[in-house]
Amino acid sequence: MAWGHRATVCLVLLGVGLGLVIVVLAAVLSPRQASCGPGAFTRAAVAADSKICSDIGRAILQQRGSPVDAAIAALVCTGVVNPQSMGLGGGVVFTIYNASTGKVEIINARETVPASYDQGLLNQCKNVLPLGTGAQWIGVPGELRGYAEAHRRHGRLPWAQLFQPTIALLREGFRVPFILSQFLNNSILRPHLSASTLRQLFFNGTETLRSQDPFPWPALANTLETVAKEGAEVLYTGRLGRMLVEDIAKQGSLLTVQDLAAFQPEVVEPLEMPLGNYTLYSPPPPAGGAILSFILNVLKGFNFSAETVARPGGEVNMYHHLVETLKFAVGQRWRLWDPSSHPGIQNISRDLLREDLAQRIRQQIDGRGDHHQLSHYNLTGVRGNRMGTSHVSVLGEDGSAVAATSTINTPFGAMVYSPRTGILLNNELLDLCWRHMPTSPITPPPVPGERPPSSMVPSILVNKGQGSKLVIGGAGGELIISAVAQTIMNKLWLGFDLTEAIASPILHVNSKGHVEYEPKFNQEVQKGLQDRGQIQSQSQRPVFLNAVQAVFQEGPCVYAASDLRKAGKASGY
């Protein structure tokens with residue numbers, strides 16, 4: 001009996017001891033989980049604009065893939081889940097940070113002007129905006145060669161492995177996602193879709209597909225399988241390219257197999273700008289990094305913080321300075337011409353990062369928003385209202401990071417479909433419509449091989465001293481730069497958590513210098529800005545389509561957030 005009692009006591013003590021060991025080990029092996037707070041990850045994360053694509057990117061990382069591998073896999077997925085935004089018929093810009101070397105590079109695979117194009121193209125701009133449907137607007141797709149170049153330089157897993165999750169998604173009974181159904185049934189888009197070759201993909205008889213309807217897309221599944229097995233060249237110099245060109249020629253396209261074969265992505269150095277304790281790395285023209293850098297460079301001189309904004313009138317004062325800075329920024333968009341086709345632009349765009357220019361702009365900002373004519377800001381008054389695009393942010397276990405923005409331009413691009421390849425074509429040449437130099441009444445014609453200007457700003461901010469990193473970018477056409485700039489301000493200057501920084505309603509300044517407010521934007525701030533002479537746009541856009549995806553690393557903690565405006569959800573571990 002005594003022996004049995006002693007044995008029981010020993011077993012209890014052994015159990016308690018083992019429990020303590022487990023607790024201690026858990027505390028030693030995973031101290032970060034407790035200190036980082038709920039919702040944080042401790043190793044890596046992916047933020048795409050849908051949960052399923054974020055999960056696919058995370059799975060690639062867990063299979064020991066590189067951040068570039070994860071970004072490619074998530075982008076391939078997004079081309080299926082949100083085909084209105086991006087796909088193989090579009091273009092992509094990567095900003096890539098290598099933690100082992102500390103180097104950042106840009107891979108620009110944005111679409112180019114084909115060798116032959118409609119010579120009267122730019123004369124059509126006023127009549128086709130904002131959508132720009134039709135084969136005459138198609139640029140040479142660069143998406144897939146962009147993936148191939150990024151994978152060649154930074155990939156770790158086999159190429160085919162990056163496509164398998166999305167192929168399985170298509171083969172196993174894919175259904176229409178909610179966000180796609182919203183676009184398909186949009187009152188503006190629906191008539192154009194019905195009249196286009198996309199009708200065969202997105203309509204069931206006379207009705208558009210609804211959320212959770214079966215969505216068979218065998219042509220794209222076949223294309224992805226072929227690309228997975230044979231590589232990107234099958235689209236650029238092989239049979240898929242020939243099929244694509246033949247399909248869209250029937251719809252008026254002038255794109256040729258020679259255009260596809262000639263396309264090459266560019267690998268260039270990023271724009272680099274100090275921002276407090278961070279360094280901002282962003283893509284140079286024709287992408288929009290120079291404009292984003294200009295905005296933040298001007299605003300950082302006003303030293304806005306949570307404390308200054310909390311003072312009476314502080315929030316209105318910050319947004320007033322933001323609005324005035326955005327007016328100047330919109331007036332500088334002409335600097336985003338492609339420097340490869342217009343060499344004189346390169347230095348002009350880099351001037352936007354100069355501190356003396358930022359200081360001069362600050363001195364021109366006073367307490368009123370109605371003291372100056374449009375010419376003071378170089379504003380043209382030409383309204384754009386462009387929208388579209390998708391973004392993925394990735395942080396790997398070693399601290400390497402990728403920000404990748406991809407697009408077919410406006411929703412559903414040119415609304416031109418290749419039924420044999422399953423590819424939707426871009427309408428990227430529409431972006432040439434706002435290539436205007438305020439000092440000249442003449443806009444030079446497009447140059448074959450030229451990349452149109454873009455608002456895409458896949459960016460990485462690095463604070464090496466504190467081990468912090470913000471990987472960020474967005475979608476929403478002309479709203480991208482406004483949304484990304486305000487998210488960075490919210491996070492780094494005002495101390496918002498990442499989800500709140502992204503979710504906060506934004507404002508935007510159009511080319512008339514008028515302010516557009518996202519629904520639910522603070523009414524008191526709106527009133528305060530009006531009292532300062534800021535003019536609210538009378539033609540409010542029907543919907544704000546801005547969507548930011550970001551990953552933030554702070555020491556051992558990793559936070560990731562995808563924009564709920566597009567029903568996004570990040571994933572990590």
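Heads up, the Cβ atoms here are built off N, Cα and C, so glycines get one too.
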Record-annotated L-glutamate site (Swiss-Prot): member among THR95, THR133, THR407 besides ARG110, GLU428, SER454, SER455 | THR407
For the topological domain 'Extracellular' (30-573), the averaged pLDDT of the predicted model is 94
Write out, in the order they occur in the sequence, the residues of the chain not among ARG110, THR407, GLU428, SER454, SER455 that have a C-beta within 8 Å of the mean position of the C-beta atoms of the recorded L-glutamate site.
-> GLY91, VAL93, GLU111, PRO286, ALA287, THR389, THR405, ASN409, ASP431, PRO452, PRO453, MET456
In angstrom units, rounded to an integer, how far apart are the Cα atoms of ASN277 (N-linked glycosylation site) and SER454 (L-glutamate binding site)?
-> 28
Largest CA-to-CA spread of L-glutamate binders ARG110, THR407, GLU428, SER454, SER455, angstrom | 12
Going by DSSP, give the three-state secondary structure for ASN347 (N-linked glycosylation site).
-> helix
Going by DSSP, give the three-state secondary structure for ASN303 (N-linked glycosylation site).
-> coil
Relative to the Cβ position of ASN347 (N-linked glycosylation site), how many further Cβ atoms are located within 10 Å?
-> 9
Going by C-beta under 8 A and a gap of 6 or more residues, the same-chain neighbours of ASN98 (N-linked glycosylation site) are VAL104, GLU105, HIS154, SER400
